[in-house]
């Protein structure tokens, strides 16, 4: 080492470990309109001050590492570092805090959810100084939002493609989810669509297994769809699951779906990955396909209250990455979903501008500028008695998806679809006449069942089915 180098080292660099809070805790920082803002629920290890914990999150998810390094002097850390700018104790919780972190926009590649998540929810979640860490919300600034295509088409374009307005759309997941041959699968699709449903759906588990290869399924489902359309005069769709082991295979399946002329395909966006999902979303926009998104694996990430990532963040990420539908819980069915919180992220999916509202778990005002909206899908353990509540909770721009609630009808698949369609039309008519669905829902269904034997049979089968468990995802 030359004497000149030694002199520079002694002046410009001091080795050792520094407290994160000296650099990354900046309570006087005024956030910029271009910053990505994050709200983390932080549970520090005993003895770790909240300021140090919040600063550690900001550091490890941006420019920091565990020790001072030579190359810090070769860039401007003040320009690129994340900053913990506010800390709030969580009411009713001991040693737990909401730490707000601001990230400069230049830290992230344009149009890449993958890159954004690699930083913000990357290695920092394994940091030893923290007992637990959960990302509660993100504010995506318009400057970053505009670098994404977003959903292939959006709510209004889908309505226009289907020529269906003024009511929720109806769907059904084909059951049993695994084991049917392609021809029997197509038969179930036809019966459900003929009975009055708008969509049927591949289960997320269905890709291309030995009992039913994807090409056979696509062919029989397309035949079923066209036959049902010819008989009902309505445009129908089946969510053909294009999820595959490689992006190339996924696109091959999407191309075949387009060649068949079907209106919609499907992707499991978490198990498939954001890079694959964005790739498929771009293909769907370019080729006129709607894109249905399933959220398989989300509960691994979002169900624990103290660690992981809230679904509202995954919902925002999906709106950026691209999808025209996404499953969003039901509030009333068998799957997790507390009402105010669910409606909070439903608004984040559909609306152009959403104000901060902590009572619904929304930590930041979100402006989506020109990104189209996503239709929420209510699915999981729902049946005809739930129809008034679902119509009231989710409104018209939604898909109400009944799997067992269609195929479990005692008279068969088509009568099950008829029962759901009659129940929906009755609820929409009652709402439009000014009736209170929340208070009069059961009576509305009983009245409709008097002139629909299919609905009456469904009401009798599911009159005592309830899923009354407390939601784990509370504020």
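Going from the start of the chain as shown, residues are counted 1 onward.
Each Cβ is built from the backbone N, Cα and C atoms, and glycine gets one as well.
Residues or ranges marked as N-acetylproline in Swiss-Prot (evidence: sequence analysis): 3.
Taken from Swiss-Prot, the feature N6,N6,N6-trimethyllysine covers 14, and the record attributes it to sequence analysis.
Sequence-distant contacts (6 or more apart, same chain, Cβ under 8 Å) of residue 177 (substrate binding site) comprise 203, 205, 206. Among the features that Swiss-Prot reports, substrate binding site is placed at 123, 173, 177, 295, 327, 379, with the record citing sequence analysis.
Annotation comment: Swiss-Prot describes 175 (among others) as active site, proton acceptor, evidence class sequence analysis. The DSSP secondary structure for residue 175 (active site, proton acceptor) is coil. Residue 175 (active site, proton acceptor) has a Cβ environment of 16 other Cβ atoms inside 10 Å.
Secondary structure at residue 201 (Mg(2+) binding site), taken from DSSP and collapsed to helix, strand or coil, is strand. A C-beta separation below 8 Å, combined with a sequence spacing of at least six in one chain, links residue 201 (Mg(2+) binding site) to 171, 172, 173, 174, 238, 239, 266, 292, 401, 403. Summarising the annotation, Swiss-Prot assigns Mg(2+) binding site to 201, 203, 204 and lists sequence analysis as the type of evidence.
Swiss-Prot lists 201 with the feature N6-carboxylysine, giving sequence analysis as the kind of evidence.
Take the CB of residue 294 (active site, proton acceptor) and look out to 10 A: across all protein chains shown you find 28 other CB atoms. Annotation source Swiss-Prot lists active site, proton acceptor at 294 (among others), citing sequence analysis.
Residues or ranges marked as site 'Transition state stabilizer' in Swiss-Prot (evidence: sequence analysis): 334.
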Which Cβ among the binding-site residues (123, 173, 379) has the fewest C-beta neighbours inside 10 Å?
123
In the structure shown, which of the binding-site residues 203, 204 has the fewest Cβ neighbours within 10 Å?
203
Identify, in sequence order, the residues in the chain of residue 327 (substrate binding site) that are 6 or more apart from it along the sequence and have a CB within less than 8 Å of its CB; answer 'none' if there are none.
293, 294, 295, 376, 377, 379, 380
Between the Cα atoms of residue 175 (active site, proton acceptor) and residue 204 (Mg(2+) binding site), what distance do you get, rounded to the nearest Å?
11
Per DSSP, to which secondary structure element type does residue 295 (substrate binding site) belong, with helix, strand and coil as the options?
coil
Using the centroid of the Cβ atoms of 201, 203, 204 as reference, list every other same-chain residue with Cβ within 8 Å of it (recorded Mg(2+) site), in sequence order.
173, 174, 177, 202, 205, 206, 239, 241, 266, 294
Roughly how many angstrom lie between the C-alpha atoms of residue 123 (substrate binding site) and residue 204 (Mg(2+) binding site)?
29
Coarse DSSP state, helix versus strand versus coil, of residue 327 (substrate binding site):
strand
